[in-house]
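A.B. asks: Here it is, the structure, as structure tokens.
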Amino acid sequence: MSKSFKLHSEFKPAGDQPEAIRKLEEGLENGLAHQTLLGVTGSGKTFTVANVIADLNRPTMVLAPNKTLAAQLYGEMKEFFPENAVEYFVSYYDYYQPEAYVPSSDTFIEKDASVNEHIEQMRLSATKALLERRDVVVVASVSAIYGLGDPDLYLKMMLHLTKGMIIDQRSILRRLSELQYSRNDQVFQRGTFRVRGEVIDIFPAESDEWALRVELFDEEVERLSIFDPLTGQLQHEVPRFTVYPKTHYVTPRERILQAMEDIKVELAERRKVLLANNKLIEEQRITQRTQFDLEMMNELGYCSGIENYSRYLSGRGPGEPPPTLFDYLPSDGLLIVDESHVTIPQIGGMYKGDRSRKETLVEYGFRLPSALDNRPMRFEEFEALAPQTIYVSATPGKYELEKSGGDVIDQVVRPTGLLDPLIEVRPVATQVDDLLSEIRIRAAINERVLVTTLTKRMAEDLTEYLEEHGARVRYLHSDIDTVERVEIIRDLRLGEFDVLVGINLLREGLDMPEVSLVAILDADKEGFLRSERSLIQTIGRAARNLNGKAILYGDRITASMEKAIGETERRRAKQQAYNEERGIIPQGLNKKIGDILQLGQPSTRGKGKGRGGKVADTNNYQSLAPKALDQKIRELEAKMYTHAQNLEFEQAAELRDQVHQLRQQFIAIS
């Protein structure tokens, strides 16, 4: 019997949530393909969606526009569904340079990539959950529309082991090698196996916490046990176990041999075309490269850049969509598109950028034309494959509104009673000095400020100016990677600094209840960064604070400003009426400062340094004498460096914060 979703929350739906949940469920049960939930910042959109998932009990994919937001949603869904499978599926590249050719300088750039092993394990865990159970929520980025191994081949390659099964050791080892597991009797890690006599230990590729022990006796599986790979301690026996391939791209030998024949046929045709056009260098290049790949595939079962032959390996025809995560989602699955006004255009844009780069590679003989089918889904293919969909946004785009027939489900009232920020329009002439005085007021009462500018140059100059005048300020720009960006946002919330300056980086979905002021410089300059949607999203960053306020600096009120102010005031009035009717006093959000960085770091479970373990509060050291306090600082610093050497950056960061506080305490009492 399939397990049901069980929602854990100390809250019950309130405000506009019960009505939104009822309408969404009604629409899904009536077979509506598209619905739009217009939920303002802080209205509990994720909680509403979690209730819908739990009530309908259907496997669900949640699409987010970027890794940061996907990580935040993953953390929230894990809290709502601790007993169910909540999975995380984003690009596993920490760094990715696709192969490319620049004809103007005759430069070929080899593919170069760095894979995050922990995220690869989470991707494998996500597809395994979708294949094995129905109580699954997969939080994914737009990586979900990129090619993945064919689910049919993936299922065929699995190794099923059952207690009492007749199979010899050699057969198991051969099958493990076909699944791309490697034997390593010294270092036992994910995706490896080791052999000790009649005992085979397998560390599944999708696991980071446990491994499988297979005990054989006279060509029979005598016992299957789950054990802790770190301590070796047996946890429990299982009657059967399925070993999944180490990678999504694993392919049976017979399919590889068939693919090789098809590649040879295409190569012969391509050579004729190139020779007919007198492209001798390109003909020599494609022949040499393809024959080398064929030789590797014959010997090893794979080659570098094998994804460029994915059309043959998956058995799909020219122009057909590649297999993606959507192929793993059951037909009655549910799709939630979060921050849909950003996510939907992203899906549409991925295919075109990929296509132009590949066409150059094909034209100059670096790849066969079939490589063009190793691509993300086209938008129309996404539309055809997507199951019943709920678009979630505070500012839905034209596409979502059209698809849902203009019928939008409003979730404007917040259960906490929090009102939308007050909006003031102030002149541009004095914007910098006015902003500085506002920052000082907020810093004095331990609140944070977000400032958005129009250009990178202005952001840099403003940051420098604010620093010179004593403000604790940081600048967030496009060169900062995902992990560092998360650290900056975390440090802002912790009070390491008071002001964050950005351009277009602080809009959708990020929870920062400590931010009480959003300042939008040059708000009267019409354009993408100052459109109605951008303004509403930016203003919304202050909507989680009791004293939320937005200052728009402009010498005139543009049409976009007028619409954004009008919509914010409409929402504010609706919330105010709700509060008065029910006697609700607005309450600020007290959201704990979690750390989503662990998504990119391996688990430290079992090492006595679990991620859940909180660093001791500095209040515990208030009574220490200066000498004892100095000793404690040295101890914590030593621990911090040990964590950093072990790549346990989350614990190191927590200790760094604690050492910083203790140093201030030490200075105060010295």
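Glycine is no exception: its Cβ is also placed from the backbone N, Cα and C atoms.
According to Swiss-Prot, the protein carries these features:
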| type | residues | note |
| --- | --- | --- |
| BINDING | Gly39, Val40, Thr41, Gly42, Ser43, Gly44, Lys45, Thr46 | ATP binding site |
| DOMAIN | 26-183 | domain 'Helicase ATP-binding' |
| DOMAIN | 630-665 | domain 'UVR' |
| REGION | 600-620 | region 'Disordered' |
| MOTIF | 92-115 | motif 'Beta-hairpin' |
A.B. asks: With helix taken as DSSP H, G or I, strand as E or B and everything else coil, how many residues of the domain 'UVR' (630-665) land in each class?
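C.D. replies: Reading the DSSP string over the domain 'UVR' (630-665) gives 33 helix, 0 strand, 3 coil.
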A.B. asks: Determine, for the ATP site, the additional residues of the same chain whose CB lies within 8 Å of the mean position of the CB atoms of Gly39, Val40, Thr41, Gly42, Ser43, Gly44, Lys45, Thr46; present them in sequence order.
C.D. replies: Thr48, Ala394, Gln411, Arg414
A.B. asks: How would DSSP class Gly42 (ATP binding site) in three states?
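C.D. replies: For Gly42 (ATP binding site) - judged by DSSP and reduced to three states - the answer is coil.
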A.B. asks: Can you count the other CB atoms that lie within 10 A of the CB of Gly39 (ATP binding site)?
C.D. replies: 25
A.B. asks: When you measure from the Cβ of Val40 (ATP binding site), how many other Cβ atoms are you left with inside 10 Å?
C.D. replies: 26
A.B. asks: Over the motif 'Beta-hairpin' (92-115), what does the predicted model average in pLDDT?
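C.D. replies: Residues in the motif 'Beta-hairpin' (92-115) carry a mean pLDDT of 86 in this prediction.
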A.B. asks: Tally every other Cβ atom lying within 10 Å of the Cβ atom of Gly44 (ATP binding site).
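C.D. replies: Excluding its own Cβ, Gly44 (ATP binding site) sees 24 Cβ atoms within 10 Å.
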A.B. asks: How do the residues of the motif 'Beta-hairpin' (92-115) split into helix, strand and coil according to DSSP?
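C.D. replies: For that range the per-state counts are 3 helix, 15 strand, 6 coil.
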A.B. asks: Count, for each of the binding-site residues Thr41, Ser43, the other C-beta atoms lying within 10 angstroms of its own C-beta, and report the residue with the smallest count.
C.D. replies: Thr41
